[in-house]
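What Swiss-Prot says about this one:
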{"type": "BINDING", "residues": "27, 29, 54, 75, 100, 125", "note": "S-adenosyl-L-methionine binding site"}
């Protein structure tokens, strides 16, 4: 029997008198086939260390611990720590850290792996309400995670992996794809969770690029430009950029020069630009002193 078997999950919750907290976005997966598929997608073996976020009662952790060198699981809910100590008692390669992943010094914890030089993968069922902040926090942490295989709301997975000229494409797609390749591996129906969420989930596989997707003069400025270009999706690039940089004649002249340098027309929409075009635009705007 597995932790994720529905009857076992119910028994664990009842034995510990656990009640779900909506503020933590808790939905526990009760399908062992999907858990195995997650581990297979992440290609976990004994030469890999794993960071897990939000282990819950340990359903995914159990599968990870069986396959990985070590698992470090970050759980914000104190009430789950004794439950995890119970459900994972047979594993000596799991460390549960009762902390908010957004507030810890990750490098310090990673140094505590028995073999910190092994590749580190992030495998997690992320809370819906905080998926994007967690992902960007990890991606921008400077820690060279080799791969992320994470479950999230299907809509968010679609946005992250979206390509130009699609409805889902936006600044989040660019922010992630600058650092990583992103592809939806498979869909997880809402019916396999306790309690069932209102929407379906997706497993997103992201692999770190050896170098960022494009070369830019100023990364921070590049991301500011991409965000500004999608503030009003139905507006043209020109309208979004003048809203962000200003509408004085001097600014307009600089914007016109930058668009010409980047080989872009003013009435194009942000969703039509790929990372290469945004890199050209960002560098051109920078060269105009904007």
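Even glycines carry a Cβ here, placed using N, Cα and C.
Within 10 Å of the C-beta atom of residue 54 (S-adenosyl-L-methionine binding site) sit 24 other C-beta atoms, taking all shown protein chains into account. Most Cβ neighbours within 10 Å among the binding-site residues 27, 125: this distinction goes to 125. Around the Cβ of residue 75 (S-adenosyl-L-methionine binding site), the same chain contributes 54, 55, 56, 81, 84, 96, 97, 98, each under 8 angstroms and 6 or more positions distant in sequence.
Residue 29 (S-adenosyl-L-methionine binding site): 21 other CB atoms within 10 A of its CB, across all protein chains.
Residue 100 (S-adenosyl-L-methionine binding site): 13 other CB atoms within 10 A of its CB, across all protein chains. The S-adenosyl-L-methionine site in the record is lined by 27, 29, 54, 75, 100, 125, and its two most distant CA atoms lie 21 Å apart.
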